[in-house]
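Peer 1: Please read through the structure below; I'll follow up with questions.
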Ligand SMILES: N[C@H](CCC[C@H](N)C(=O)O)C(=O)O
C-alpha cells in the first residue's frame, strides 16, 4: 500500500505523523519499527497516528509508537506536533483540541504566536502507579520529594519517580554535557525496579526558573528533547525545593516552558512544533 505521512519535530524530537482517518492503517510492531528505522526506513523517535475519536466530546484519538515499535501512553512533544498536523491538514477548525491518548484525554491549544500549550494533566508521584518497585529501599527526603536510591553501574543514584502517563526517573546532575546519559541511560531504562521500563532524565539546575535536561527515552534512546520528560523534571525539581514555576527547560533541540502549581494540579507545557516535509512510501 502507499502510505502518506508528514515528518515533523518538536524541539528536535522527531516524528512520523500519519492520518489514519483517511488511510486504513493496521501495522504490527515490526512494521512500526521498520518505519522508524533511520537507515532502512523513514526514521523518527516516535510515530504518531491520528484516528477518529472513540469517546463522545473528544475530537480525535492519537496513538504513539516508539522507534522500537512499542505503543506508549503519552508524548508531550508529539501532542504539539499533533495539533499542528490536524490544523494544517484541515482536520479541525478548532484551536483547543480534546484528544484521547492511551492514558486519558489531554487538551493541547494552538497559540496566536504559533506555539502550542498542552495541559498534560496532573503528575503521579506514587511509586506503584509510576510504576516503580520501591520495596526494601530506604528513601531519602529532599523538600517535599522522596528520593529513591538505586544502584546504577555500582553507584547509588537518587531518583525522583514521576508518571506523566508514561514513567520517568529523574536525577540531578552537575553538568548535563558531562552526564553519563548514553552509558547509564540503557541500564536505567531496563532496570528491574521499573516493570514497564522508564524514561531516564538527567537534569542540571541552572537557576530556580531554568534547567538543562537530557533524556534517554524508553524505546527510543537519547532524543534531542522529551516533552513529558521536561514535565517530569520540572515537577521533580519543584518538589525537591530546587525550582519555582514556571521552569524554562533547555534541551539539546530547543526550549520548552513548563508550569505547575503543585500536587493535584495539571502540568502545562508550551513549545514549538515544526513540519519538515510531506512524504509517501510503499509499505
Ligand atoms: N519514549 C516515551 C514516549 C515519547 C515521549 C517523548 N518523546 C515526549 O515528548 O514526551 C515513552 O516510552 O514513554
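Keep in mind that glycine also has a Cβ here, set from the backbone N, Cα and C atoms.
The active site, proton donor annotation in TrEMBL covers 75. Residues or ranges marked as active site in TrEMBL: 75. Annotated active site, proton acceptor per TrEMBL: 226, in sequence order. Residues or ranges marked as substrate binding site in TrEMBL: 13, 46, 66, 76, 77, 166, 199, 217, 218, 227, 228.
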Peer 1: From the Cα of the residue listed as 'active site, proton donor' across to the Cα of residue 228 (substrate binding site), what is the distance in angstrom?
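Peer 2: Rounded to a whole number, the Cα-Cα distance is 6 Å.
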Peer 1: Going by a 10 angstroms cut-off between Cβ atoms, which of the active-site residues 75, 226 has the sparsest surroundings?
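Peer 2: So among 75, 226, the active-site residues given, the one with the fewest Cβ atoms within 10 Å is 75.
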Peer 1: On a simple 10 Å Cβ count over all chains shown, which one of the binding-site residues 13, 66 is most densely packed?
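Peer 2: That would be 13, with the most Cβ atoms nearby.
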Peer 1: Could you check the binding-site residues 77, 199, 228 and say which one's CB has the most other CB atoms within 10 Å?
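Peer 2: Neighbour-count leader: 77.
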Peer 1: Where residue 77 (substrate binding site) and residue 226 (active site, proton acceptor) are concerned, what is their Cα separation in Å, rounded?
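Peer 2: Their Cα atoms are separated by 7 Å.
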Peer 1: Looking at the recorded positions listed here (199, 218, 226), whose Cα lies nearest to that of residue 75 (active site, proton donor)?
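Peer 2: Nearest by Cα distance to residue 75 (active site, proton donor): 226.
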Peer 1: For the recorded substrate site formed by 13, 46, 66, 76, 77, 166, 199, 217, 218, 227, 228, name the remaining residues of the chain with Cβ within 8 Å of the site's Cβ center, in chain order.
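Peer 2: Output for this site, in sequence order: 45, 64, 72, 74, 75, 78, 215, 220, 223, 226, 229.
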Peer 1: Validating a neighbour-count step here. Other CB atoms within 10 A of the CB of residue 218 (substrate binding site): how many?
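Peer 2: A 10 Å sphere around the Cβ of residue 218 (substrate binding site) contains 25 other Cβ atoms.
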Peer 1: Given the binding-site residues 13, 66, 199, 218, which one's Cα is the least distant from that of residue 226 (active site, proton acceptor)?
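Peer 2: For residue 226 (active site, proton acceptor), the closest Cα among 13, 66, 199, 218 is found at 13.
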Peer 1: Please state how far apart, in Å and to a whole number, the two most distant Cα atoms are among 13, 46, 66, 76, 77, 166, 199, 217, 218, 227, 228, the recorded substrate-binding residues.
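Peer 2: Across 13, 46, 66, 76, 77, 166, 199, 217, 218, 227, 228, the two farthest Cα atoms sit 16 Å apart.
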